[in-house]
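In case it helps, Swiss-Prot gives these features for our protein:
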- S98: active site, nucleophile (ACT_SITE)
- H123: active site (ACT_SITE)
Amino acid sequence: MNLIPTVIEQSSRGERAYDIYSRLLKDRIIMLSGPIDDNVANSVIAQLLFLDAQDSEKDIYLYINSPGGSVSAGLAIFDTMNFVKADVQTIVLGMAASMGSFLLTAGQKGKRFALPNAEIMIHQPLGGAQGQATEIEIAARHILDTRQRLNSILAERTGQPIEVIERDTDRDNYMTAEQAKEYGLIDEVMENSSALN
């Protein structure tokens, strides 16, 4: 059962009830929680585009608590984060793993945060193939190309040499918030929201 809290606001014109995500959107906050698939990506992309059209001078806050998911869905979010004019601040609470950590790192440099007990995990993309040998070969080439593309972006976003990224993403690589800061995945570990601009 998916329970979404409702917030009631009072105004001179009476009461208005919002689901919690709509209320957060009024404050330019987008929640990315759970596995990243096409539906989640479409929702996040629509919210990014809406907030940017509303005011491209104000920052957008993307809160992440995700185990990762689809590479293509995640890259669609990544491209949209770069496409919008507004700066996108990223904040991990809980976990940012796999594509979740990739999107955390995609935030505006200087505005990528983690709460003290957050976990961040990077690794290479996962995939599988079946069918004729030629189809398997095509799929294998595609996942190797995808790995190279993701590693190149991570190297650029973290400042780490590509060889270090390749080594460190070869297996699941878990980091604390402090370790993620030292690595360059985030810019600050924050205790409270006063660090946000």
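Placement of Cβ uses the backbone N, Cα and C atoms for every residue, glycine included.
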Let's check the environment of S98 (active site, nucleophile): how many other CB atoms sit within 10 Å of its CB?
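Other Cβ atoms within 10 Å of S98 (active site, nucleophile): 25.
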How many Å lie between the Cα of H123 (active site) and the Cα of the residue listed as 'active site, nucleophile'?
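Between the Cα atoms of H123 (active site) and the residue listed as 'active site, nucleophile', the distance comes to 6 Å.
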Specify the count of other C-beta atoms within 10 Å of the C-beta of the residue listed as 'active site'.
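The residue listed as 'active site' is surrounded by 18 other Cβ atoms within 10 Å.
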